[in-house]
Structure formats: structure tokens, C-alpha cells
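Participant: I am attaching a structure below and will ask some questions about it afterwards.
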Amino acid sequence: MQQGTLMRKVKSKSWKKQRYFKLQDDCMTIWYQSKRTGKIESAFSISDVETVREGHQSEVLQSLAEEFPPERCFTIVFYGRRGNLDLIAGSAEEAQCWVQGLRQLIEPRSFPLTSAPVSCTWIRDWFQKADKNKDGRMNFKEVQRLLKMMNVDMNEDHALRLFQAADKSESGTLEGEEFVLFYKALTQREEVLSLFQDFSEDGKKLTLLELVDFLRQEQLEDEGTEELAMELIDKYEPSETARARHALSADGFLMYLCSPEGSIFNPRHRVLWQDMSQPLCHYFISSSHNTYLIEDQIRGQSSIEGYIRALKRGCRCLEVDCWDGPNGEPMVYHGHTFTSKIPFREVVNTLGKDSRVEASYPIPSSVLQGAGGAGPQQCGVPGDSRSHGGDGHPRVPTSPSTTPQELKHKILLKGKKIGRLEDMLDGPGDEVPDVSDDDNGAEAEEERRRVKVAGTKHIFALQKDKESLVQALSDCVVYCKSVSFRGFQEARSHSRPSEISSLAEAKARKLIRDAGNEFVRHNAWQLTRIYPSGMRTDSSNYSPQEMWNVGCQIVALNFQTAGTEMDLCDGLFSQNGRCGYVLKPPFMRDEETLFNPSDPNSREGPGPITLTIQVISGQQLPKVANSKDGAIIDPLVRVEIHGVPADQARQETKYIENNGFNPRWDETLQFQLHVPELALVRFVVEDYDKTSRNDFVGQFTLAFANIKPGYRHIHLLSKDGTSIPPSSLFVHIRITE
């Protein structure tokens, strides 16, 4: 990689240009230049790379599948809204060299500051950005300018003293390693040192017994505490001498607190920890709306990238809207609008590759058949599905209450159905087959209103012809037969657990308001899907929390739109191994439950609990996007509780002027939770503004059930849910009944 490699950069089927790619000596920057002109076109930092995908895992590379084998193709995916970089190497060996090399370079950043080398890498990355003349040295003025870039507003005399102490060569400049020393002196954590000294008799180290005391008294670790203490020393103590003596230094103590074990998120809940052998209707399922869209609902781009991103994000319920296309090939796009189109075959190919690699648990796919797709093109849908899905399609139901465990590695189709699912087990009868009603009519009406709102002159009608459904497509629907919702009593009398109803957000809200308990009972034995209003042409989202409060399993959101709603979705599904399934609380799985979210006293169990959060400090908070150079943020922290109406609350700290680097709040916020099993806690950092709305800085959201008490770090995420190392908050959590 450092020697350089000639590869093709591709943007489309016709745009394929040769570029020379080279990893710089700092192992943190990659630049590439035109083969023809020799001019350096662009450069990017390793810290900007989110992941690397092998093979034809982008729309552009899939279109070139016949021309270039997958072994030579790979895609570099960047954080934020920067477009992907699709590359074709000269050989499979060269492609592997770059894929594996890039993965090794980006891997250590997953938990910053857990080891000295990771922290140093991040510091040197900043050094490279500020070292304009690339001589590897920085004078005091350059260092001052860099501090402002890093969100540090520091007294000049103090900064000069630290600078001189780090200038070991007394040259008046700092070289790379000297700058690391300067930075570490700058980031001395007084609040952590004070905590360390509270438990350390000599103030220099924690003995094994002193660490055990800290873990029991403050972190509330009550099982295998001595073994845990030994593990933490072995893992995070940088000094071999201290490790040999079973002691933890102040540096090792900080590394532990910044590690996954010191995170607010219970590490035992990061892995698969819930029972996966219950009926599908007993789980919340991560679900997307119009998955193929990566922009708005009217003129936005349709792309398989939407499916790739959703699957990578843990989504398990996808939407595929099929319509007649040219040359007898079905197309996927948002019907009755001006969105672009993608071949159905490409979508199924993507699901066939991604679903088995990324997901062990089933992927329910909502297939909407558009008008006019009555004949051969509908027949092509199951053909494509089977040819690309292989044994991913279960053919016959095993039971009416099939579980995620039994359906591992399967793709389930939700859609219209000829006759009853039970007939597939009993064999065909003498009756004339009937076609199930579904929600397509309601969604079509939403789409017609959507087109009107967009100001276009064309209003399309969706024909709903019961004879238009072909048997081959019907046979693919095995577990999720779509049926119209005609009331809870009707559903209880005539519907089956293998059926699913779809409701627009407004109708769902009315049912929650009028019959909350009945809705919870209904969702204890049957699946319900909620979708956004057709008026949301900008791909905005509704709050999923009110739908989860009544146990709705498939709450479909526009994954392409960042905001509080997607933060809640990511927060709920970041647990349980990110498998996309979260088991509902016991009182929401009981068909005779008395629970109603509007009356928290209807929940059986202990009384309300108190959540006390001391917001202590922040570390290296990012600058606000598009802020003026040199503008230092004035950060405040807001804590939000999202849950049943009685639990909804928010409180915030005061703002700290001109300090995004190491702000100190030391403020205590307190909340009472009546139904903690449904509560999500969202930590938001904002830049205070007296004259206008505060600017977003970072956030982290998690289910209350996943919170670890004690002194914890919260590793912040950006607006679109990606990590922004090493930005964090330091808090103390106490939970009391």
C-alpha cells in the first residue's frame, strides 16, 4: 500500500478511470493521482473510513459484474454523507492487500483511549492536519492554531508552560512524539485522578483489594469481582511491573473507565442474551420503510445502497415495491412518483448475499406488487427470489407461531396470499381460492395524496384486482400473510398468528388513544406493521416509541433520515448482538394482560424506580459542522427519557463557555420511571446559542435495561449514528427502587 497501486476508480458503467493510490508514510492518509496527468486528485484520512466491502457490494460494481470478477472489486465506505469510493484492482491479490490493510488500519478505532497506541494514533492524525509544510515540526503559534481546531480554548501562559515541558530537544518546536507528550499533559483528567485517589492508599496505584472495593462499592459488580479485577489489570494496565504485582496505575484506571467494561452500556447485553425461541410476535423487529430510497419520497434516488446500509445497521424488515419494467423485468421504485428505478433482480441478489453473511435471524421482506404486474412479471418475482435466495426461502410453515430461532437464515415474504396458509399444510381443497386483502390499498391512497402534496399534475390510481395475483408469487408468502385490519374483535375472531396487518401512523395513534389495552393484547399474538404518513414526502419520521409502547413489532422508519427517531431505533436495537430482534417485556407477551401505556399503574410488578445521573465532564467534543474556524463550542448536556407518557421527560445542565475539549458540569439530574422496561434514555450534547436554536454536537441512546450503574463513559455518536472518537461524556449512574 505504501509502494502505491494502480487501480480503476469507477463511477458508472462508462466512467472508469485509472488512478494511482498510495498510503502515506504516516499510515493515516491515502492520496490518489491521475495516471494521465500525474496530478494529485484527492486525499482522505483513515479516520474518515467507516468500513470496506468486498466484491460487487455497490450499485455501480453490480452493474459491472459481467466485466470484472468480484475478487478484484471493493468499496470504501466513508462516515457521514460523503459518497462511497468504488475501486477495481488489477488482480485479486492486490484487492485483498488493500481490503485487509484498510481493515487493519481502521480496526483499532472502535474504542478510543483503551490503549496508548490508539490514543496516539488519533493525536498524530491531528498533528498531520496542522503540519502544513509537512516538516514534522510545530512551533508554538502552530500549536495554538491546532488547539483551536481541536476545540480547545486555553490560557496562553498555561499552554506555553506545557509546550516548553514537552519540548525535550529545546528546539522551540515540537516533533511528533513531543506533541503526543504535550497533548497528554493537556488532557490530564483531574476528576478521574481524584476518584482514583479516593480508593488508593498511596495515591499511586490500586492494589487488587482496593480495585475490588471500587468495583463493588461504586460499579455495583457483585459476581466474581476478584476475577473481574484480575482481568481488568491484565487487560488495561500498561506497566508490566504493576501487572506482575496485580496493581492498577492511574493510567490503567483511566483506560479501564474508557473501555467497553467502563461504558454505560452493559457489555453482557451487547452479545445475544435474550431467549430467541418465542413466537415472532413477541419481539420488536428493526424495520425500514421504502428501504430502496436514499432521499425523499417523490423524486429521490432508488438504490441497492439503501438495502446495504439498512442491513449493516441491523435492520431486519425491508420493503421491496415491485412494478412492471422494460424487457419483461420487474423494477423496484416508489410507485406513482418520480423516484429512480432499480431492477428487482439486483435487490434480490443483494439480499441473497447480505442476509446470510450479516444476519443469522430471519429477514421479513414486505413485497408490494404494483398495478399492472399481473402476468409474467409477477411470475418473475418468485423466480428471481428462489434463484438468488437459494434455500433462504422456507417453503412450508412449520407452525403458526414460528420463532426466530427456527427461522434462522431465512428470508420471509410479507404480501398477498391466495387462500389460507393452513391450506398449504392440508393440500388444495375444492373451494375457489380467494386472495387476501392487504394494506396496499391504504398505502396507495397515501401515495396519491403524496403526489398531490408534491404539486405534480399527475395523480395515478392503483388498480386492486383480486385476480391479478399469480399462484407462484402467492406460494412465496408463507408466514406473513397481509390482511386488512377491521377492529380488534374481528381480528380475535377470524385472524391467525401467521397474519399481519399494516396501519398508517395516524390510525395507530387513534387506536392507542381509544383502546390502548386491546392494542397491547392484539400484539401479544399477532404481528402489526406501522408505516409513515403519505404526507411525509421529505422522508421525515414519526416517533416509534408510542408504537412500541403498545407492542407493535414492525415499526417502519425512513432509515435515510437522521434525527431523534432513528436515534431511538438504533438505541433499542443496539442490544442483543444487534440481531434486529428485541424480546418484549413479559407483561406485553401475555394475551390477557391488563397493561395500558396511558395508565402505568396497570403494569404488574414493583413500583417506580428513580434514575439519578450525575453529569461530570466531557472529553474532546467535536466542533459543530460548518462552524467558523476558531469558533469554540459552549456545550450543555440534555438527558431525555422516552417511554410511556408518564415517563416522558427531559432535563439539561447549564452550558460551559468556550470549552469543547474538557468541559466540567458536575450537575445531578433525576428522573422517576414508572415503566422502566419500555424506557429509552437519550444523552444529547448541544452547542448553546443565545440568539437561535442550539446546534447538535453528539448523542448516545440506549434502553434503560442496558444501563450499567456507577462511574461510566458514554461514547458519543454523530447525527447519522456513526462513532466520533474520542468524544465522550463521563457520568455517575445510580438506580434506586
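Placement of Cβ uses the backbone N, Cα and C atoms for every residue, glycine included.
TrEMBL lists these features:
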type     : residues : note
COMPBIAS : 385-394  : compositional bias 'Basic and acidic residues'
COMPBIAS : 424-445  : compositional bias 'Acidic residues'
DOMAIN   : 1-107    : domain 'PH'
DOMAIN   : 118-153  : domain 'EF-hand'
DOMAIN   : 154-189  : domain 'EF-hand'
DOMAIN   : 473-589  : domain 'PI-PLC Y-box'
DOMAIN   : 589-718  : domain 'C2'
REGION   : 368-406  : region 'Disordered'
REGION   : 422-449  : region 'Disordered'
Participant: In the predicted model, what is the mean pLDDT computed over the domain 'EF-hand' (154-189)?
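Facilitator: Taking every residue in the domain 'EF-hand' (154-189) and averaging pLDDT yields 82.
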Participant: Could you give me the DSSP helix, strand and coil counts for the domain 'PH' (1-107)?
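Facilitator: Looking at the domain 'PH' (1-107) with DSSP, the answer is 27 helix, 42 strand, 38 coil.
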Participant: How do the residues of the domain 'EF-hand' (154-189) split into helix, strand and coil according to DSSP?
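Facilitator: DSSP classes over the domain 'EF-hand' (154-189) add up to 22 helix, 2 strand, 12 coil.
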Participant: How many helix, strand and coil residues does the domain 'C2' (589-718) contain under DSSP?
Facilitator: 12 helix, 61 strand, 57 coil
